[in-house]
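Engineer: Residues annotated as transmembrane segment in Swiss-Prot: 4-24, 29-49, 61-81.
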Amino acid sequence: MVPTSYYVLLSAILFTIGVLGVLLRRNAIVIFMSVELMLNAANLALVAFARERLGVEAQAIVFFVITVAAAEVAVGLALLVSIFRTKRTADVDEVSTLKG
């Protein structure tokens, strides 16, 4: 049986990769994927702790977070496609939707 600390370490590494992707990349799709990686890292940590102590309640929370992440994917991709169609770029530095 794999110890919980390994899952938590993997979760921390994945979350760090996601944070670095958000901070260092300028492509909107890569930033979006990095945010999803951060959500999945948090889910992995929660499941690891639930496996050891919390039980079914934490697994229900993970299911809810996955549902919210799926909705975020749908809305986020729709926004990215819409912005790409109007601006013809996915670079967040070149796209400023607040300008007229």
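Just so you know, glycine gets a Cβ as well, placed from its N, Cα and C.
Each of these features: where is it, how hidden is it, and who are its neighbours?
Structural biologist: Residues 30-31, 33-38, 40-42, 44-45, 47-49, 51-52 of the same chain sit 6 or more residues outside the transmembrane segment (4-24) yet have a Cβ under 8 Å from a Cβ within it.
Taking Cβ pairs closer than 8 Å, the transmembrane segment (29-49) reaches residues 4, 7-8, 10-12, 14-15, 17-22, 58-59, 61-62, 65-66, 69, 72-73, 76-77, 80, 90, 92 in its own chain, all 6 or more past its ends.
Note on the transmembrane segment (61-81): residues 28-29, 32, 35-36, 39-40, 42-43, 46-47, 50, 90 of its chain, located 6 or more positions outside it, place their CB under 8 angstroms from a CB of the stretch.
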